[in-house]
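Asker: I'd like to ask some things about the structure below.
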Amino acid sequence: MEGKEVKDSAYLFLGSIGPAFEKTTLGVGDKIALKAIASAYRVSEEEVKKRYSTTGDLGDVAFELSRGEGKSLTIDEVFGKLREIKETSGKGSQEEKVRLLSSILQRASPEEGKYIVRIVLGKLRLGFGDQFLLEALSLAFTGDKKYTAKIKESYNVCTDIGELAESLSEHGTRALGRFSIKLGRPVRSMLAQRVESFEEIEKRIPGEKAVEEKYDGERVQIHKNGNEIKAFSRRLEDITAQYPDLVEAVRRDINAEKIVLDGEIIAYVEGSKADDSTQEFYSFQRLMQRRRKYEVQKYAEIFPVAVFFFDILYLEGKSLLKEPYPRRRALLEENVKQSEALRMAGRIVTDNLEEIEDFFNKTLEKKLEGIIIKSMSSNAVYEAGKRSWFWLKWKEEYAEGMRETFDLVIVGKYYGRGKRKGSFGALLCAILNEEEQRFETFTKVGTGFTERDAKEIDSLLSEHIVNEIPKNVLIKSRMMPDILVEPTVVIEVLGAEITKSPGHTAGQGEGDTGLALRFPRFLRIRYDKGPADVNTVKEIMNLKEGIGV
Ligand SMILES: Nc1ncnc2c1ncn2[C@@H]1O[C@H](COP(=O)(O)OP(=O)(O)OP(=O)(O)O)[C@@H](O)[C@H]1O
């Protein structure tokens, strides 16, 4: 077998007549298949129905009814006929599909008839999937199974199984590693590894890293080739028809002629009033309302979406898969003109874990899921189809390992930054060191407040503002808040994890690192408690040992 025959049979093995990203359904349902079987084997439709109700598989029915009259078919014949069936459309197409299917069944052996019926119905179950086929290709065209992993790597980039098989049959192992991204043929998405603890982030990606907002929607790879725009899902399906609004936005606002962008589609509305800096991210369920065949336009208006781009894979004829992430991000920024529907994933670049924590807390405030941490290293290429250590994911639920509440006293306040400038930012909170009789900072709380809470806290604090750090408070200069207050107001906070931190002073003794509470969330003001009633350093140390953090 060679060339085109290899290509076509690779598709057929996977029960299709083309690559996953092309629309290959034949438009044949049970009704058409039933009629074709009846006509091919000259039995009544009733007879076919009866047998179908006992076997539950029209392929088996064809096998039973076939009298073995047909000679063997060639791959070329089968493939050609199936393509013809697919392309028949319009008036009278149902009858034509019946006729075409019937004619090929007449010429098929019983076994062939069985599989042809299953393929046209999209129900081929050979009991093996892509992986098995890749192994078979390795054995057939390199003489050894050991190349399967390498073939799989190529398959992540060349997702057209037919093209891959054909190329292997012609060039053997020389075909490997030669594939690149091509317009109209999506590569498999790069995925992120999960880390088990916040510290692991630093271990996996030491030093400077990018931290991006993580959107919970639908992964999308957009291919623009002049006026032709296509959108592919993570499973490589063509989802262009579902998002006419995004297609239009790409046509209008992306100037590059040939470009491939990677991002996440999310149900989203930008704050509409001038003074409104809010962004509204909606649930995944809401986005799924857009997954429909009919009334697409109407639903596009009811459920507006935006795509948040975080990568660029191809630009004007050149693959960017081997370019490092910082370079790709720079090119992405150059080529995406932001609009309401086309956005860039929000991010910071930092080597400071506390900043990452702050950024994470802010993403939760926006009702996002978490963060993706990305390596800035020069070898951080786009690893198509891989769960890569160049990308780490950290979600709220990972931080929920420990959930305890703490009573803390407020010693300072930070203003909001950026868009939230001047407004309520975060509170610097402390616990009591009984031995030293002072308050030592333990965490910075920036989430969980309603607008009313924020106002109430502001008014309570207003009476206690001071110009210098009070004598009974220990704050590191790097944590200096915008406003200092006497330790008076007590709040209850939910926290996830106690860790060592160079920024906080709680229990630091002679050393330089104190204890800190990670992922704090404001619960309520404790009017009933005074500063002497807050948690003590001793209690926190016991708790830390008790839970073995
Ligand atoms: N800024 C971003 N960078 C990379 N991926 C992002 C980003 N924002 C959202 N994502 C999405 O987050 C997904 C990973 O998160 P999550 O663990 O929630 O998804 P999953 O489907 O459960 O796992 P995975 O996709 O890693 O198999 C990515 O596949 C991608 O679709």
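Placement of Cβ uses the backbone N, Cα and C atoms for every residue, glycine included.
TrEMBL: automatically predicted annotations, no manual curation.
From a predicted model like this one, the values you see are computed outputs, not experimental measurements.
Take a look at what TrEMBL says about it:
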type	residues	note
ACT_SITE	Lys214	active site, N6-AMP-lysine intermediate
BINDING	Glu212, Arg219, Arg234, Glu264, Phe310, Arg387, Lys393	ATP binding site
DOMAIN	305-433	domain 'ATP-dependent DNA ligase family profile'
Asker: State the mean pLDDT for the domain 'ATP-dependent DNA ligase family profile' (305-433).
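Answerer: Reported value for the domain 'ATP-dependent DNA ligase family profile' (305-433) is a mean pLDDT of 90.
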Asker: Could you tell me the C-alpha distance between Lys214 (active site, N6-AMP-lysine intermediate) and Lys393 (ATP binding site) in angstrom, no decimals?
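Answerer: For Lys214 (active site, N6-AMP-lysine intermediate) versus Lys393 (ATP binding site), the Cα atoms are 8 Å apart.
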Asker: How do the residues of the domain 'ATP-dependent DNA ligase family profile' (305-433) split into helix, strand and coil according to DSSP?
Answerer: 32 helix, 57 strand, 40 coil
Asker: Lys214, Arg219, Lys393: which of these recorded positions has the highest Cβ count within 10 Å of its own Cβ?
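Answerer: Of Lys214, Arg219, Lys393, the one with the most crowded Cβ is Lys214.
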Asker: Around the C-beta of Glu264 (ATP binding site), how many further C-beta atoms are within 10 angstroms, looking at every protein chain?
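Answerer: Other Cβ atoms found within 10 Å: 22.
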Asker: Let me know the most crowded of the binding-site residues, choosing from Arg234, Arg387 and counting other Cβ atoms within 10 Å.
Answerer: Arg234
Asker: What does DSSP assign Arg234 (ATP binding site), in three states?
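Answerer: Where Arg234 (ATP binding site) sits, the three-state DSSP reduction gives coil.
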Asker: Could you tally the C-beta atoms, other than its own, that fall within 10 angstroms of the C-beta of Glu212 (ATP binding site)?
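Answerer: Within a 10 Å radius of the Cβ of Glu212 (ATP binding site) lie 22 other Cβ atoms.
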Asker: Taking DSSP as the reference, which of helix, strand or coil describes Glu264 (ATP binding site)?
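Answerer: The residue in question, Glu264 (ATP binding site), is strand (DSSP, three-state).
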